[in-house]
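Peer 1: Just passing along the structure, written as structure tokens.
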Amino acid sequence: MAPPRTNNRPVTRRKKPSNLLLLLKEKYVNWNFIKYLAFEPAALPIVSVLIVLAEAVINVLVIQRVPYTEIDWKAYMQECEGFLNGTTNYSLLRGDTGPLVYPAAFVYIYSGLYYLTGQGTNVRLAQYIFACIYLLQMCLVLRLYTKSRKVPPYVLVLSAFTSYRIHSIYVLRLFNDPVAILLLYAALNLFLDQRWTLGSICYSLAVGVKMNILLFAPALLLFYLANLGVLRTLVQLTICAVLQLFIGAPFLRTHPMEYLRGSFDLGRIFEHKWTVNYRFLSKELFEQREFHLVLLALHLLLLLCFAKPTWTFFRSYLRLREVQQQIVPQILHKNREQQNQAKIQAKKSKQLVEQQQEEEDEQLSAEQKSFLKAFERSLQQSTGQKSLEPHLNQKQEQYDIYFEPCTQLALLPFFLCNFIGVACARSLHYQFYIWYFHSLPYLVWSTPYSLGVRYLILGIIEYCWNTYPSTMESSIALHLCHLILLVGVARHVYRILRLNATVKQQQRQEQSTLQNGQPKTSKKSQ
């Protein structure tokens, strides 16, 4: 009995995937690719996916294994229950921890959570909802870092995975700060995508959840003016204001003064026992109005000091975006032309090869042709490889310019403006850490300091926020880190301004030299 003719087929099928696995192993399982993932900001799209997946696992483990701590959740539910029962007087909406002090968007969002969690009793479900909020915010934050290509991926990995306080704030405390920060980062992403109206809506909603989002307002105003001009800026500010009136309407119609005093109380006194940054002050000095006015004056002074760099950065960002809008269509057109030319060339080459093949076939006898084909098939079966064919469609190099790093010019002023507000705050409570946590790596990498100093700043800040209760030493260390970080960013920013001024001066000198030289050359020619 003749042996079966299909003995070699399984061999060829096994070798194809093994070859593919070898190629993947050679390309990705090596030290160079690991270094690329760790240190190259261009690898952030890949690393971001890994971070989000790992964070999902970490949050589930924290929820399952670490006990929940009740602080404000019940009070939030009690305040919302009063609203749902028909009370629109803010002075009457209270919980176990005190009166309601947040704007109307907070009331609506937590009223939704009130229903979803069975009047606030299903805390475990609320924890998983806040875990989703955390993951969604991480996606928005990582998108900004991916666009800017400023910070190495390993820094974001370390900062995300090593902060117990941040995970605690989101899934073990259920504060309203995460909701406000989520809307804030959604607004920043929309602004950078030039979706101004949606960005303004998200920003206004964030302010409607918690008033600390106003710390970004000075930078946002300049960003509006630099990109939109005065009239369109007024339109966006009107959108923000109208949305605040709309969400506050049930309270403004009935008890307007109580709503404004309760939700936008700029003079509210914080309790000294919860302060993270001013433990070294006495309670009397901490609560003095003069001390608050000094901090406000310092805040405004620092904003004025950085107003010119902020405006310069925003204008430079706008100019680069305009260049992008001019160049990108040209690049796309050039690439399409190349592709069309490549297709035409490939078609001509294919016709030429077929013509040559026909000429060669005419010179061979039928017996020779069959012998060559049989020999080729036997080689394919023994090696598991296909016959080599001429590469008619070789991949053409395409033109491309990556413009997204220009978002560095927009992000730094936003993060810096918020950081100044946090550093000059009358008091910082533990949940306020998320106000600037996700921007700290960006700010630290915007300083001229060495890597060791950068790690030290991030490490000490994390230590200060994890010290409970706060001590004199931890509060002083936090202020020192804020000061060192602010000085470093200022050095970086003003160095860029000096370089910019030098380049402009050189350009003016070159232009004046050319203008002065033109009459002389014309006289010589005459």
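Cβ coordinates come from backbone N, Cα and C, glycine included.
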Peer 1: So, Ala342 and Ala501, same side of the membrane or not, per Swiss-Prot?
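Peer 2: Opposite sides, per Swiss-Prot.
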Peer 1: With pairs 6 or more apart in sequence, are the transmembrane segment (432-452) and the transmembrane segment (171-191) linked by at least 3 Cβ pairs under 8 Å?
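Peer 2: Counting Cβ pairs under 8 Å (6 or more apart in sequence), the transmembrane segment (432-452) reaches the transmembrane segment (171-191), since there are 3 or more.
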Peer 1: Please tell me whether the transmembrane segment (405-425) and the transmembrane segment (232-252) touch - that is, whether there are at least 3 C-beta pairs under 8 Å between them, with each pair 6 or more apart in sequence.
Peer 2: no
Peer 1: Using Cβ atoms and a strict cutoff of less than 8 Å, what residues sit near the transmembrane segment (171-191) while being 6 or more residues removed from its termini?
Peer 2: 59, 62-63, 66-69, 71-73, 76, 102, 106, 109-110, 123, 126-127, 130-131, 133-134, 136-137, 140-141, 143-144, 198-200, 202-203, 205-207, 209-210, 212-213, 216, 220, 223, 410-411, 414, 431-432, 434-435, 438
Peer 1: Let me check one thing: do the transmembrane segment (125-145) and the transmembrane segment (294-314) come into contact, meaning three or more Cβ pairs under 8 Å with sequence separation of at least 6?
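Peer 2: These two segments do not touch.
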Peer 1: Ranking 232-252, 294-314, 470-490 by the number of C-beta pairs under 8 Å to the transmembrane segment (98-118), which range is first?
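Peer 2: Highest pair count goes to 232-252.
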Peer 1: Give the one range among 43-63, 232-252, 470-490 whose Cβ atoms make the most pairs under 8 Å with those of the transmembrane segment (294-314).
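Peer 2: Maximum Cβ contact count belongs to 470-490.
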Peer 1: What else in the chain is close to the topological domain 'Cytoplasmic' (119-124), if you only count residues 6 or more beyond its ends and a Cβ gap under 8 Å?
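Peer 2: Tertiary neighbours of the topological domain 'Cytoplasmic' (119-124) are 63, 68, 73-74, 76-77, 81, 113, 174.
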